[in-house]
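S.K.: Please read through the structure below; I'll follow up with questions.
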Amino acid sequence: MPEETHTQDQPMEEEEVETFAFQAEIAQLMSLIINTFYSNKEIFLRELISNSSDALDKIRYESLTDPSKLDSGKELHINLIPNKQDRTLTIVDTGIGMTKADLINNLGTIAKSGTKAFMEALQAGADISMIGQFGVGFYSAYLVAEKVTVITKHNDDEQYAWESSAGGSFTVRTDTGEPMGRGTKVILHLKEDQTEYLEERRIKEIVKKHSQFIGYPITLFVEKERDKEVSDDEAEEKEDKEEEKEKEEKESDDKPEIEDVGSDEEEEEKKDGDKKKKKKIKEKYIDQEELNKTKPIWTRNPDDITNEEYGEFYKSLTNDWEDHLAVKHFSVEGQLEFRALLFVPRRAPFDLFENRKKKNNIKLYVRRVFIMDNCEELIPEYLNFIRGVVDSEDLPLNISREMLQQSKILKVIRKNLVKKCLELFTELAEDKENYKKFYEQFSKNIKLGIHEDSQNRKKLSELLRYYTSASGDEMVSLKDYCTRMKENQKHIYYITGETKDQVANSAFVERLRKHGLEVIYMIEPIDEYCVQQLKEFEGKTLVSVTKEGLELPEDEEEKKKQEEKKTKFENLCKIMKDILEKKVEKVVVSNRLVTSPCCIVTSTYGWTANMERIMKAQALRDNSTMGYMAAKKHLEINPDHSIIETLRQKAEADKNDKSVKDLVILLYETALLSSGFSLEDPQTHANRIYRMIKLGLGIDEDDPTADDSSAAVTEEMPPLEGDDDTSRMEEVD
């Protein structure tokens, strides 16, 4: 109990006022609320409406077992009454009210808040004095008010008034004002600079934002003026108008009825009446408007809600001009209770992955009270495009972001939301046309999910769609790919790159296409990250056709032929490795090439050419990682290609043939380009090509017309062997 500091002994005719000191924690709490939890002042109205809603919940709950509890007031509602003359905002509810003890305890000490806690206590046989606990939200009233008066009436006690100017103490007295019946009236005496909260527009804005889904009607009472047409005499003075009206009525009553046929006297009066001028005056009246007519759609049975209703709610929630693409409406009951209504928009926002921008996608409610709309813990980043509401029965109303991070309840809600989202996507996938629209907009999110969410990776992988070497213009799922696999095919083959045409024409897919093996085309940068985590699908390993050790289905005869080719070109491989030195890790005979002379592949755990390109484009890249991930390049040569065969013969005929070195380097650099890599020194490569062009055109390298810079570079280049231009070109060929 707070310490009672002073009791005034007054004559019996005057009401007794008791003064109490706030507990020390209250002063600290108020400072904490103002400086930490509630930086935006408008939150006070949400908290007070929420408290009213709690009080209404409690009386409604009690009336279930004892209907007579509502005899003191059948209607359950909340009224908001701004008064500009007195600079007060009053919040009135017909809830359970508070006894004197409740007032002293609940508005003088830190009290718990929440309907559920109260109901559990009541079921456990707790004393009735435990009710009406306002919680910390009440003190947020002092963000805008210099003084707060609370008048309350409980069924089991008299009407009392609590008052405090936040000066470390509060007073409690018996209230002799207008009887309330039952409920609580909170009167905020606003600070001079907070009068915006008396404006009709501002109050409506706050209620719509924070409390539009409270389960009881919230009515705003506003004093307004309207024009009323009266005669001049009436306009001059109200009393005269009344007297004149009475006199006219009396005169008309005194007239004999026989004169109703239209005497001269009546006509005169009519003319005089017509001559009287009419004038408009301002008349004051009280306008009542219910602010939360939209009842929470998520609390209704999904079977009773039409798609049009979902559409209207979605548009009001998101301000989107288009209808939603899909919707999931569900509730979870048991140890944990919450309802959720989730929408998939038709298109992704342009700033979907803009991390610095705060998201406003899923609104968190606690028992129909809006808590926050940027709750990162509620849904993983890869599902940040999902719009909707989550309404929990178990979270405390005064929860902060810091508390949310530790909340076990929220972790369970998050798990359920992800599960339901994946169910929704799977249902959507059954409609090919709609899923195509969805995938065009949100495929990156699915792939990001595969990279980040190991728990749901399998389900997410079923949602992937790709172009393949056999799919034409249709995108297919990995499941579709698996159904078309060859009998002896053990792996799922894929290639990453920039465009569909680029990967389709790549040297890496030549032999696979020739053998009728389907190759998946992964042409988005995020595919590289996705496939790093997606190692297998339905027991089949995903294999990149651009990496070393590619295993293709082959019979014994093919294996034997391949071994013979390896032996035949072993020497050339060694010579080429010596020439290229550290540029490549090794040179081997390829089993994947058909029409290309050579290609560059990467080690199993290194980056592909496409990944190297992506990483080089990163502004904040780690150069040390670039060093060891990008260096593992292997040169594969095609033993069936005429260039490689001729080069082998030339190298074996004369190991010291200088043109071999030039040709090997040229082959390597060209293979780098065709395999998707970039050149470290493009100018040197260009100069080699220019020399080939000169030879082709029969231009003498020593031609004095050649510019100095070209000549200087040419001197540095290893010369091509031969005495004349003809022999040189033959070597190149």
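Backbone N, Cα and C atoms are what each Cβ position is placed from, and that goes for glycine too.
Per Swiss-Prot, the features are:
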- Thr7: phosphothreonine (MOD_RES)
- Asn51, Asp93, Lys112, Phe138, Arg401: ATP binding site (BINDING)
- Lys58: N6-acetyllysine (MOD_RES)
- Lys84: N6-acetyllysine (MOD_RES)
- 230-246: compositional bias 'Acidic residues' (COMPBIAS)
- Ser231: phosphoserine (MOD_RES)
- Ser252: phosphoserine (MOD_RES)
- 256-269: compositional bias 'Acidic residues' (COMPBIAS)
- Ser263: phosphoserine (MOD_RES)
- 285-621: region 'Interaction with FNIP2 and TSC1' (REGION)
- 285-733: region 'Interaction with FLCN and FNIP1' (REGION)
- Lys444: N6-acetyllysine (MOD_RES)
- Ser454: phosphoserine (MOD_RES)
- Ser477: phosphoserine (MOD_RES)
- Lys490: N6-acetyllysine (MOD_RES)
- Lys586: N6-acetyllysine (MOD_RES)
- Ser642: phosphoserine (MOD_RES)
- 724-733: motif 'TPR repeat-binding' (MOTIF)
- 729-733: region 'Essential for interaction with SMYD3, TSC1 and STIP1/HOP' (REGION)
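Neighbours and distances for these, please.
M.R.: Its Cβ placed at the centre, Phe138 (ATP binding site) has 22 other Cβ atoms within 10 Å.
DSSP assigns Lys58 (N6-acetyllysine) to a helix in the three-state reduction.
Reduced to three states, the DSSP call for Lys84 (N6-acetyllysine) is coil.
DSSP assigns Ser454 (phosphoserine) to coil in the three-state reduction, outside any helix or strand. The number of other Cβ atoms within 10 Å of the Cβ belonging to Ser454 (phosphoserine), over all protein chains shown, comes to 9.
Cβ environment of Ser477 (phosphoserine): Glu462, Leu463, Leu464, Arg465 lie under 8 Å away, each six or more residues apart in the same chain.
Spatially close to Lys490 (N6-acetyllysine) yet at least six residues away along the chain are Lys540, Thr541, Glu551, Pro553, judged by Cβ distances under 8 angstroms.
Counting every protein chain shown, 16 other Cβ atoms lie within 10 Å of the Cβ of Lys586 (N6-acetyllysine).
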S.K.: Report the same-chain neighbours of Asp93 (ATP binding site): residues 6+ apart in sequence with Cβ closer than 8 Å to its Cβ, ordered by sequence.
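M.R.: Asp93 (ATP binding site) has long-range Cβ partners Ser52, Ser53, Ala55, Leu56, His77, Ile78, Asn79, Gly183, Thr184, Tyr216.
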S.K.: Specify the count of other C-beta atoms within 10 Å of the C-beta of Lys58 (N6-acetyllysine).
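M.R.: Around Lys58 (N6-acetyllysine), other Cβ atoms within 10 Å: 21.
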S.K.: Including all protein chains shown, what's the count of other C-beta atoms within 10 A of the C-beta of Lys444 (N6-acetyllysine)?
M.R.: 18
S.K.: When the Cα-Cα distance from Lys58 (N6-acetyllysine) is computed for each of the recorded positions Asn51, Phe138, Lys586, which gives the smallest value?
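M.R.: Ranked by Cα distance from Lys58 (N6-acetyllysine), first place goes to Asn51.
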S.K.: Given Ser642 (phosphoserine) and Phe138 (ATP binding site), what distance in Å do their CA atoms have, once rounded to a whole number?
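M.R.: Between the Cα atoms of Ser642 (phosphoserine) and Phe138 (ATP binding site), the distance comes to 87 Å.
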S.K.: Under a three-state reduction of DSSP output, how is Ser642 (phosphoserine) classified: helix, strand, or coil?
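M.R.: Ser642 (phosphoserine) sits in a helix per DSSP.
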S.K.: Would you mind pulling the DSSP three-state label for Asn51 (ATP binding site)?
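M.R.: Assignment for Asn51 (ATP binding site) reads helix.
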S.K.: Tell me which of the recorded positions Asn51, Lys84, Phe138, Ser454 ends up closest to Lys586 (N6-acetyllysine) in space, Cα to Cα.
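M.R.: That would be Ser454, nearest by Cα distance.
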S.K.: Determine, to the nearest whole angstrom, how far the Cα atom of Lys84 (N6-acetyllysine) is from the Cα atom of Phe138 (ATP binding site).
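M.R.: Lys84 (N6-acetyllysine) to Phe138 (ATP binding site), Cα-Cα distance: 22 Å.
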